[in-house]
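Colleague: Here it is, the structure, as C-alpha coordinates.
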Amino acid sequence: SQVSFEEESQNPPAVGHWKPLMPSKGDKEEPESGCQDAGGVHEPQSTEQLNVSRLRSSSVEIREKGSEFLRDELHKAQKELKLKDKECERLSKVREQLEQELEELTASLFEEAHKMVREANTKQAAAEKQLREARGKIDMLQAEVTALKTLVITSTPSSPNRELHPQLQSPSKAGFRKGHGRNKSTSSAMVSAASQNVAPEPVSRECREVDSILFAEFQAWKESPTLDKSCSFLDRIYREDVGPCLDFTKQELSELVRVAVEQNTLTIEPVASQAVPVGKVAAEECGGPKKCALSGLPRTCKHRIMLGDSGNYYYISPSCRARITAVCNFFTYIRYIQQGLVRQDVELMYWEVMRLRREMSLAKLGFYPTEM
(Lines of atoms letter the chains of each structure in order from A and count residues from 1; the text may use other names and numbers.)
(Lines give C-alpha, C1' and ligand atoms only; values in the text may rest on other atoms or scores of the structure.)
Protein backbone atom coordinates (compact mmCIF):
# COMPACT_ATOMS: atom_id res chain seq x y z
CA SER A 1 0.00 0.00 0.00
CA GLN A 2 2.88 2.28 0.73
CA VAL A 3 4.31 1.55 -2.70
CA SER A 4 1.08 2.40 -4.43
CA PHE A 5 0.87 5.67 -2.44
CA GLU A 6 4.31 6.66 -3.55
CA GLU A 7 3.39 5.90 -7.16
CA GLU A 8 0.30 7.98 -6.93
CA SER A 9 2.26 10.84 -5.34
CA GLN A 10 4.81 10.75 -8.19
CA ASN A 11 2.17 10.82 -10.97
CA PRO A 12 0.65 14.34 -11.35
CA PRO A 13 -3.05 14.71 -11.44
CA ALA A 14 -4.78 14.77 -14.80
CA VAL A 15 -5.55 18.27 -16.15
CA GLY A 16 -9.10 19.13 -16.90
CA HIS A 17 -10.71 16.76 -14.52
CA TRP A 18 -11.40 19.50 -11.96
CA LYS A 19 -13.85 22.28 -12.74
CA PRO A 20 -13.94 24.73 -9.89
CA LEU A 21 -17.18 26.60 -9.31
CA MET A 22 -15.60 29.85 -8.23
CA PRO A 23 -13.00 31.69 -10.16
CA SER A 24 -9.61 31.63 -8.71
CA LYS A 25 -6.42 33.48 -9.15
CA GLY A 26 -5.35 30.88 -11.62
CA ASP A 27 -8.48 31.57 -13.57
CA LYS A 28 -7.70 35.27 -13.73
CA GLU A 29 -4.35 34.51 -15.34
CA GLU A 30 -5.96 32.60 -18.26
CA PRO A 31 -6.73 35.67 -20.33
CA GLU A 32 -3.11 36.65 -20.10
CA SER A 33 -2.12 33.29 -21.43
CA GLY A 34 -4.70 33.74 -24.21
CA CYS A 35 -3.20 37.08 -25.04
CA GLN A 36 0.16 35.55 -25.16
CA ASP A 37 -1.20 32.90 -27.50
CA ALA A 38 -2.68 35.58 -29.79
CA GLY A 39 0.56 37.46 -29.84
CA GLY A 40 2.35 34.31 -30.91
CA VAL A 41 -0.06 33.90 -33.84
CA HIS A 42 0.52 37.48 -35.11
CA GLU A 43 4.26 37.08 -35.19
CA PRO A 44 4.30 34.34 -37.94
CA GLN A 45 1.78 36.31 -39.94
CA SER A 46 4.01 39.41 -39.98
CA THR A 47 6.98 37.26 -40.95
CA GLU A 48 5.08 35.82 -43.87
CA GLN A 49 3.98 39.30 -44.97
CA LEU A 50 7.58 40.45 -44.78
CA ASN A 51 8.69 37.50 -46.86
CA VAL A 52 5.94 38.19 -49.46
CA SER A 53 6.92 41.86 -49.65
CA ARG A 54 10.53 40.86 -50.05
CA LEU A 55 9.60 38.41 -52.81
CA ARG A 56 7.51 41.08 -54.52
CA SER A 57 10.33 43.62 -54.37
CA SER A 58 12.83 41.07 -55.65
CA SER A 59 10.50 40.07 -58.52
CA VAL A 60 10.03 43.74 -59.44
CA GLU A 61 13.76 44.24 -59.32
CA ILE A 62 14.31 41.14 -61.46
CA ARG A 63 11.65 42.34 -63.89
CA GLU A 64 13.27 45.76 -64.17
CA LYS A 65 16.69 44.24 -64.70
CA GLY A 66 15.26 41.84 -67.29
CA SER A 67 13.52 44.67 -69.19
CA GLU A 68 16.71 46.72 -69.06
CA PHE A 69 18.70 43.78 -70.41
CA LEU A 70 16.14 43.24 -73.18
CA ARG A 71 16.28 46.94 -74.06
CA ASP A 72 20.06 46.72 -74.35
CA GLU A 73 19.80 43.62 -76.53
CA LEU A 74 17.17 45.32 -78.69
CA HIS A 75 19.44 48.35 -79.19
CA LYS A 76 22.31 46.07 -80.11
CA ALA A 77 20.12 44.16 -82.57
CA GLN A 78 18.90 47.42 -84.12
CA LYS A 79 22.47 48.63 -84.53
CA GLU A 80 23.47 45.35 -86.13
CA LEU A 81 20.47 45.56 -88.47
CA LYS A 82 21.44 49.08 -89.47
CA LEU A 83 24.99 47.93 -90.19
CA LYS A 84 23.69 44.98 -92.19
CA ASP A 85 21.33 47.26 -94.13
CA LYS A 86 24.24 49.55 -94.98
CA GLU A 87 26.32 46.53 -96.03
CA CYS A 88 23.48 45.20 -98.20
CA GLU A 89 23.07 48.60 -99.81
CA ARG A 90 26.78 48.79 -100.50
CA LEU A 91 26.82 45.28 -101.96
CA SER A 92 23.79 46.05 -104.15
CA LYS A 93 25.56 49.13 -105.48
CA VAL A 94 28.66 47.05 -106.19
CA ARG A 95 26.54 44.44 -107.97
CA GLU A 96 24.81 47.10 -110.10
CA GLN A 97 28.17 48.59 -110.98
CA LEU A 98 29.55 45.18 -111.92
CA GLU A 99 26.48 44.40 -114.05
CA GLN A 100 26.80 47.72 -115.83
CA GLU A 101 30.50 47.13 -116.46
CA LEU A 102 29.74 43.62 -117.70
CA GLU A 103 27.11 44.92 -120.12
CA GLU A 104 29.47 47.59 -121.40
CA LEU A 105 32.24 45.02 -121.81
CA THR A 106 29.92 42.64 -123.65
CA ALA A 107 28.74 45.41 -125.96
CA SER A 108 32.30 46.50 -126.67
CA LEU A 109 33.33 42.88 -127.37
CA PHE A 110 30.43 42.38 -129.77
CA GLU A 111 31.21 45.67 -131.48
CA GLU A 112 34.87 44.70 -131.78
CA ALA A 113 33.91 41.29 -133.13
CA HIS A 114 31.60 42.83 -135.74
CA LYS A 115 34.32 45.30 -136.65
CA MET A 116 36.84 42.48 -137.08
CA VAL A 117 34.35 40.55 -139.24
CA ARG A 118 33.74 43.60 -141.42
CA GLU A 119 37.46 44.20 -141.77
CA ALA A 120 38.02 40.53 -142.59
CA ASN A 121 35.28 40.61 -145.22
CA THR A 122 36.71 43.79 -146.69
CA LYS A 123 40.20 42.31 -146.79
CA GLN A 124 38.87 39.12 -148.31
CA ALA A 125 37.03 41.08 -150.99
CA ALA A 126 40.16 43.12 -151.72
CA ALA A 127 42.30 39.97 -151.85
CA GLU A 128 39.87 38.27 -154.21
CA LYS A 129 39.78 41.38 -156.38
CA GLN A 130 43.58 41.40 -156.51
CA LEU A 131 43.52 37.71 -157.34
CA ARG A 132 41.12 38.30 -160.22
CA GLU A 133 43.26 41.18 -161.48
CA ALA A 134 46.38 39.02 -161.21
CA ARG A 135 44.67 36.24 -163.12
CA GLY A 136 43.60 38.75 -165.75
CA LYS A 137 47.18 39.95 -166.09
CA ILE A 138 48.37 36.35 -166.34
CA ASP A 139 45.82 35.67 -169.05
CA MET A 140 46.95 38.82 -170.90
CA LEU A 141 50.59 37.82 -170.63
CA GLN A 142 49.81 34.31 -171.83
CA ALA A 143 47.96 35.76 -174.80
CA GLU A 144 50.93 38.02 -175.51
CA VAL A 145 53.30 35.06 -175.35
CA THR A 146 51.02 33.13 -177.70
CA ALA A 147 51.00 36.06 -180.11
CA LEU A 148 54.79 36.32 -180.01
CA LYS A 149 55.08 32.62 -180.70
CA THR A 150 52.74 33.06 -183.65
CA LEU A 151 54.90 35.89 -185.00
CA VAL A 152 58.08 33.89 -184.56
CA ILE A 153 56.59 30.87 -186.32
CA THR A 154 55.31 32.93 -189.24
CA SER A 155 58.71 34.64 -189.70
CA THR A 156 61.06 32.61 -191.95
CA PRO A 157 64.27 33.59 -193.76
CA SER A 158 62.54 33.38 -197.09
CA SER A 159 59.61 35.54 -196.02
CA PRO A 160 60.54 37.44 -192.86
CA ASN A 161 57.86 39.11 -190.80
CA ARG A 162 58.34 42.85 -191.11
CA GLU A 163 56.67 43.40 -187.70
CA LEU A 164 59.54 41.51 -186.06
CA HIS A 165 62.24 43.10 -188.22
CA PRO A 166 61.70 46.87 -188.40
CA GLN A 167 64.99 47.29 -190.34
CA LEU A 168 63.32 45.71 -193.37
CA GLN A 169 60.66 48.41 -193.46
CA SER A 170 60.98 51.74 -195.22
CA PRO A 171 62.81 54.50 -193.31
CA SER A 172 59.70 56.59 -192.89
CA LYS A 173 57.72 53.73 -191.39
CA ALA A 174 60.69 52.62 -189.35
CA GLY A 175 61.14 56.14 -187.94
CA PHE A 176 57.47 56.34 -187.12
CA ARG A 177 57.58 52.99 -185.29
CA LYS A 178 60.87 53.68 -183.54
CA GLY A 179 60.69 52.67 -179.91
CA HIS A 180 57.23 51.11 -180.30
CA GLY A 181 57.71 48.44 -182.93
CA ARG A 182 57.60 45.43 -180.58
CA ASN A 183 54.68 46.68 -178.62
CA LYS A 184 52.69 47.51 -181.74
CA SER A 185 53.43 44.18 -183.35
CA THR A 186 52.58 42.37 -180.15
CA SER A 187 49.32 44.26 -179.86
CA SER A 188 48.34 43.53 -183.42
CA ALA A 189 49.22 39.88 -182.97
CA MET A 190 47.22 39.77 -179.77
CA VAL A 191 44.23 41.21 -181.56
CA SER A 192 44.51 38.66 -184.33
CA ALA A 193 45.02 35.79 -181.87
CA ALA A 194 42.18 36.98 -179.67
CA SER A 195 39.86 37.16 -182.65
CA GLN A 196 40.59 33.49 -183.33
CA ASN A 197 40.77 31.95 -179.84
CA VAL A 198 38.90 34.12 -177.30
CA ALA A 199 35.13 33.98 -176.92
CA PRO A 200 33.12 36.91 -178.34
CA GLU A 201 32.88 40.05 -176.24
CA PRO A 202 29.69 40.69 -174.24
CA VAL A 203 26.86 42.55 -175.91
CA SER A 204 27.20 46.30 -175.50
CA ARG A 205 24.94 48.15 -173.08
CA GLU A 206 23.01 49.86 -175.88
CA CYS A 207 21.77 46.47 -177.12
CA ARG A 208 20.62 45.22 -173.73
CA GLU A 209 17.01 44.98 -172.76
CA VAL A 210 15.92 44.25 -169.22
CA ASP A 211 13.52 41.35 -168.85
CA SER A 212 10.74 42.60 -166.58
CA ILE A 213 10.08 39.20 -164.94
CA LEU A 214 13.73 38.45 -164.22
CA PHE A 215 14.36 41.98 -162.98
CA ALA A 216 11.32 41.87 -160.67
CA GLU A 217 12.50 38.56 -159.23
CA PHE A 218 15.99 39.98 -158.68
CA GLN A 219 14.60 43.12 -157.00
CA ALA A 220 12.44 41.01 -154.67
CA TRP A 221 15.50 38.92 -153.76
CA LYS A 222 17.65 42.05 -153.30
CA GLU A 223 15.26 43.37 -150.64
CA SER A 224 16.12 40.43 -148.37
CA PRO A 225 19.04 38.52 -149.96
CA THR A 226 19.33 34.89 -148.95
CA LEU A 227 20.95 31.71 -150.23
CA ASP A 228 17.76 29.71 -149.79
CA LYS A 229 16.85 28.31 -153.20
CA SER A 230 13.15 28.32 -152.39
CA CYS A 231 12.84 31.96 -153.53
CA SER A 232 11.77 32.51 -157.12
CA PHE A 233 15.02 34.22 -158.16
CA LEU A 234 17.39 31.43 -157.06
CA ASP A 235 14.89 28.70 -157.95
CA ARG A 236 14.93 29.82 -161.57
CA ILE A 237 18.73 30.02 -161.68
CA TYR A 238 19.04 26.56 -160.08
CA ARG A 239 16.68 25.08 -162.66
CA GLU A 240 18.05 26.87 -165.70
CA ASP A 241 21.78 27.30 -164.98
CA VAL A 242 23.25 25.76 -161.83
CA GLY A 243 21.56 22.37 -162.10
CA PRO A 244 22.41 21.75 -165.80
CA CYS A 245 25.91 23.20 -165.38
CA LEU A 246 26.76 20.77 -162.53
CA ASP A 247 25.04 17.77 -164.10
CA PHE A 248 27.90 15.38 -164.90
CA THR A 249 28.01 11.71 -165.84
CA LYS A 250 28.97 10.60 -162.33
CA GLN A 251 25.73 11.54 -160.59
CA GLU A 252 26.83 10.78 -157.03
CA LEU A 253 30.03 12.82 -157.30
CA SER A 254 28.08 15.58 -159.07
CA GLU A 255 25.75 15.88 -156.10
CA LEU A 256 28.72 16.10 -153.71
CA VAL A 257 30.28 18.81 -155.88
CA ARG A 258 27.01 20.79 -155.89
CA VAL A 259 26.74 20.64 -152.10
CA ALA A 260 30.40 21.69 -151.70
CA VAL A 261 29.88 24.65 -154.07
CA GLU A 262 26.79 25.76 -152.13
CA GLN A 263 28.62 25.50 -148.80
CA ASN A 264 31.77 27.17 -150.21
CA THR A 265 33.98 24.21 -149.21
CA LEU A 266 35.26 23.17 -152.62
CA THR A 267 38.94 23.62 -153.51
CA ILE A 268 40.39 23.70 -157.03
CA GLU A 269 44.13 23.59 -157.57
CA PRO A 270 46.36 22.96 -160.57
CA VAL A 271 47.95 19.57 -160.97
CA ALA A 272 51.73 19.51 -160.59
CA SER A 273 54.07 16.63 -161.25
CA GLN A 274 52.91 14.74 -158.16
CA ALA A 275 51.92 11.20 -157.41
CA VAL A 276 48.24 10.36 -157.23
CA PRO A 277 47.15 10.74 -153.56
CA VAL A 278 45.91 7.66 -151.79
CA GLY A 279 42.34 8.06 -150.53
CA LYS A 280 39.33 6.08 -149.49
CA VAL A 281 37.66 6.54 -152.85
CA ALA A 282 38.54 4.09 -155.59
CA ALA A 283 41.09 5.17 -158.20
CA GLU A 284 38.57 4.73 -160.97
CA GLU A 285 36.22 7.25 -159.34
CA CYS A 286 38.99 9.68 -158.47
CA GLY A 287 40.16 9.63 -162.06
CA GLY A 288 43.70 10.63 -162.76
CA PRO A 289 45.87 12.94 -164.86
CA LYS A 290 44.51 11.18 -167.95
CA LYS A 291 40.92 10.54 -166.88
CA CYS A 292 38.22 12.93 -165.64
CA ALA A 293 36.49 11.85 -162.42
CA LEU A 294 33.26 13.71 -163.25
CA SER A 295 32.74 12.77 -166.89
CA GLY A 296 34.59 9.44 -166.79
CA LEU A 297 36.16 10.22 -170.19
CA PRO A 298 39.86 10.03 -171.01
CA ARG A 299 40.95 13.64 -170.86
CA THR A 300 44.12 15.48 -169.91
CA CYS A 301 43.33 16.78 -166.42
CA LYS A 302 45.21 19.93 -165.49
CA HIS A 303 43.30 20.54 -162.24
CA ARG A 304 41.91 18.59 -159.34
CA ILE A 305 39.26 19.32 -156.72
CA MET A 306 38.87 18.49 -153.04
CA LEU A 307 35.48 18.45 -151.29
CA GLY A 308 35.77 19.99 -147.83
CA ASP A 309 38.46 18.48 -145.61
CA SER A 310 38.06 14.92 -146.84
CA GLY A 311 41.63 14.79 -148.21
CA ASN A 312 40.44 13.00 -151.38
CA TYR A 313 41.35 14.65 -154.68
CA TYR A 314 39.37 14.25 -157.91
CA TYR A 315 41.02 15.02 -161.23
CA ILE A 316 38.82 16.99 -163.61
CA SER A 317 39.05 18.00 -167.25
CA PRO A 318 39.23 21.64 -168.42
CA SER A 319 35.58 21.57 -169.48
CA CYS A 320 34.42 20.37 -166.05
CA ARG A 321 36.66 22.91 -164.38
CA ALA A 322 35.11 25.71 -166.47
CA ARG A 323 31.60 24.62 -165.47
CA ILE A 324 32.45 24.44 -161.77
CA THR A 325 34.29 27.77 -161.89
CA ALA A 326 31.35 29.50 -163.55
CA VAL A 327 28.98 28.31 -160.82
CA CYS A 328 31.47 29.26 -158.08
CA ASN A 329 31.78 32.78 -159.55
CA PHE A 330 28.00 33.16 -159.47
CA PHE A 331 27.73 32.05 -155.82
CA THR A 332 30.65 34.27 -154.82
CA TYR A 333 28.95 37.34 -156.30
CA ILE A 334 25.57 36.72 -154.67
CA ARG A 335 27.33 36.08 -151.34
CA TYR A 336 28.98 39.51 -151.70
CA ILE A 337 25.54 41.03 -152.29
CA GLN A 338 24.12 39.22 -149.27
CA GLN A 339 26.97 40.46 -147.05
CA GLY A 340 26.51 44.04 -148.28
CA LEU A 341 29.92 44.27 -149.95
CA VAL A 342 28.58 45.30 -153.36
CA ARG A 343 27.84 49.03 -153.50
CA GLN A 344 26.26 49.42 -156.93
CA ASP A 345 22.98 50.30 -158.52
CA VAL A 346 20.39 47.53 -158.65
CA GLU A 347 20.43 47.48 -162.43
CA LEU A 348 24.22 47.14 -162.58
CA MET A 349 24.07 44.24 -160.14
CA TYR A 350 21.31 42.66 -162.22
CA TRP A 351 23.42 42.82 -165.38
CA GLU A 352 26.40 41.34 -163.55
CA VAL A 353 24.19 38.43 -162.48
CA MET A 354 23.03 38.03 -166.10
CA ARG A 355 26.67 37.99 -167.24
CA LEU A 356 27.47 35.25 -164.74
CA ARG A 357 24.43 33.30 -165.91
CA ARG A 358 25.68 33.62 -169.48
CA GLU A 359 29.07 32.22 -168.41
CA MET A 360 27.32 29.24 -166.85
CA SER A 361 25.28 28.73 -170.03
CA LEU A 362 28.40 28.82 -172.22
CA ALA A 363 30.27 26.50 -169.87
CA LYS A 364 27.50 23.90 -169.81
CA LEU A 365 27.48 24.00 -173.65
CA GLY A 366 31.21 23.17 -173.69
CA PHE A 367 32.77 26.59 -174.33
CA TYR A 368 35.80 27.41 -172.19
CA PRO A 369 39.03 29.41 -172.60
CA THR A 370 42.03 27.61 -174.05
CA GLU A 371 44.19 28.26 -170.98
CA MET A 372 42.04 25.88 -168.99
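Here the Cβ of each residue, glycine as well, is placed from N, Cα and C on the backbone.
Just lifted these from TrEMBL, have a look:
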- 1-58: region 'Disordered' (REGION)
- 44-58: compositional bias 'Polar residues' (COMPBIAS)
- 65-149: domain 'GDP/GTP exchange factor Sec2 N-terminal' (DOMAIN)
- 67-151: coiled coil (COILED)
- 156-172: compositional bias 'Polar residues' (COMPBIAS)
- 156-197: region 'Disordered' (REGION)
- 184-197: compositional bias 'Polar residues' (COMPBIAS)
Colleague: Sequence-remote contacts (6 or more beyond its ends) of the compositional bias 'Polar residues' (44-58), Cβ cut-off under 8 Å?
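Modeller: Contacts of the compositional bias 'Polar residues' (44-58) (Cβ under 8 Å, skipping residues fewer than 6 from its ends): none.
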Colleague: When the pLDDT values for the domain 'GDP/GTP exchange factor Sec2 N-terminal' (65-149) are averaged, what is the result?
Modeller: 90
Colleague: Using DSSP, break the compositional bias 'Polar residues' (44-58) down into helix, strand and coil residues and give each count.
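Modeller: When I sort the residues of the compositional bias 'Polar residues' (44-58) into the three classes, I find 15 helix, 0 strand, 0 coil.
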